[in-house]
Amino acid sequence: MAPVAAATGWRLLLVLSAAGLGAAGAPQPPNILLLLMDDMGWGDLGIYGEPSRETPNLDRMAAEGMLFPSFYSANPLCSPSRAALLTGRLPIRNGFYTTNRHARNAYTPQEIVGGIPDQEHVLPELLKEAGYVSKIVGKWHLGHRPQFHPLKHGFDEWFGSPNCHFGPYDNRARPNIPVYRDWEMVGRYYEEFPINLKTGEANLTQVYLQEALDFIKRQQAAQRPFFLYWAIDATHAPVYASRPFLGTSQRGRYGDAVREIDNSVGKILSLLQDLRISENTFVFFTSDNGAALISAPNQGGSNGPFLCGKQTTFEGGMREPAIAWWPGRIPAGRVSHQLGSIMDLFTTSLSLAGLAPPSDRVIDGLDLLPAMLGGQLTDRPIFYYRGDTLMAVTLGQYKAHFWTWTNSWEEFRQGIDFCPGQNVSGVTTHTQEEHTKLPLIFHLGRDPGERFPLSFASTEYLDVLQRVTPVVQQHQKTLVPGQPQLNVCDRAVMNWAPPGCEKLGKCLTPPESTPKKCSWPH
């Protein structure tokens, strides 16, 4: 069988199996539910060794499904990671990067002019071909100007915000972030959607949970396949939880937020079972990047044994918690050692729907179904970018660093530290250190904390270098970067007057447009 035909046959058999249908029946593709947390660390779940064991629902999800201990973000920051998930492509390809060398690669503050390019195929757009109804609940973060609205990029419904819940702002120098229902805003954070920074109380996770439950019920009643992208703000700083969860964790306010997330995931999975659609619903839980150690201990989580955190390309910034759950399809209680990427959720979702990925562009995401359903492992590299620079690559158990850098000495002296308590001489550098000729190579199985680079003179080092070098050369030779979306800033494009503001009396007057190159910190 030719490769294309084989792939088509695989998808067809999968869909028929998932629906419990033979060739005579009309296939019903499985529902797809992607649960994307914000800044949650690999070490925040009991199943990954968090000692207080405060995530019983997520731990049970893993026991009933499959755990991926080697699952990676496509970038150590929010927006590029989300763009990669929804396009199946590295941020350097889809435009979610900046050409300011080694910059933190953009958290898309309100003044960012760019967003998801029209020419990118976004997952819900493609799922429409298979009859899916799609909803995003929570943070979009792929551009807040009208042309970047999620309903213009394939989603049928949206409840959430275009940016993170930073604030409160005075609505003069900077507006508070709007919350949308579909096309129009229904309020703003810290106004109609209060967040008490002193106590940490906010009801947002409960609001987002109810949106998810209502959507699932409606689609089940209508007998329509659905794609739900539940991308809530928790556990991003400023960390919040609703009143019933505040003060319940041994881990402080951050732990309270994790417990509320765990409870919410439990309710979502229980609803799928109560509606008797769990065996026809694929669920995947992960995070957009590593825990923000800079915000720890009360506002940041744990990256387990890994080095550093969010904003770095060490393992703590890029390796994520990941659980796949599909009762009756994915064998329960399994662990997959497949190197996985958040970009794989794009390709895997298309495969679940019986669709092939676009053939007119490079797709970096891998179809994980062979790993999940058949235990097949695929050898593949994981590329770590920061800005427009390839910082590192993992191949098998080995990781090669071509550049190392955490944050600047200036920031470090101000108390800003992305690797608190984890100084590794020659590795966690505060200047941009190049290793392209002799990369620092670590064996992540023996040394997950990236503390002991292989000796340059060792046979092991030379063997790994021979394996890694052609992979990197081929990647760089064939790479065609997308148009950078995160270079230009303009205060006039902030959320001054979103659609629907006039109905609420919430329109604000924007300042004069003064576009300029964004000043990305180093």
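Glycine residues also receive a Cβ, built from the backbone N, Cα and C atoms like all the rest.
Annotated in Swiss-Prot:
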type: ACT_SITE; residues: C78; note: active site, nucleophile
type: ACT_SITE; residues: H141; note: active site
type: CARBOHYD; residues: N203; note: N-linked glycosylation site
type: CARBOHYD; residues: N423; note: N-linked glycosylation site
type: MOD_RES; residues: C78; note: 3-oxoalanine (Cys)
type: SIGNAL; residues: 1-25; note: signal peptide
Coarse DSSP state, helix versus strand versus coil, of the residue listed as 'active site, nucleophile': helix
Rounded inter-Cα distance in Å - N423 (N-linked glycosylation site), N203 (N-linked glycosylation site): 38
Other CB atoms, at most 10 A from the CB of H141 (active site): 29
Neighbour-count leader, CB within 10 A, glycosylation sites: N203, N423: N203
Cα distance (Å, whole number) from the residue listed as 'active site, nucleophile' to the residue listed as 'active site': 8
N423 (N-linked glycosylation site) - helix vs strand vs coil (DSSP): coil
Alpha-carbon distance [N203 (N-linked glycosylation site); the residue listed as 'active site, nucleophile'] in Å: 22
Assigned element (helix, strand, coil) containing N203 (N-linked glycosylation site), judged by DSSP: coil
Cβ neighbour count (within 10 Å, all chains shown) around the residue listed as 'active site, nucleophile': 26
DSSP-derived class (H/G/I helix, E/B strand, else coil) of the residue listed as 'active site': coil
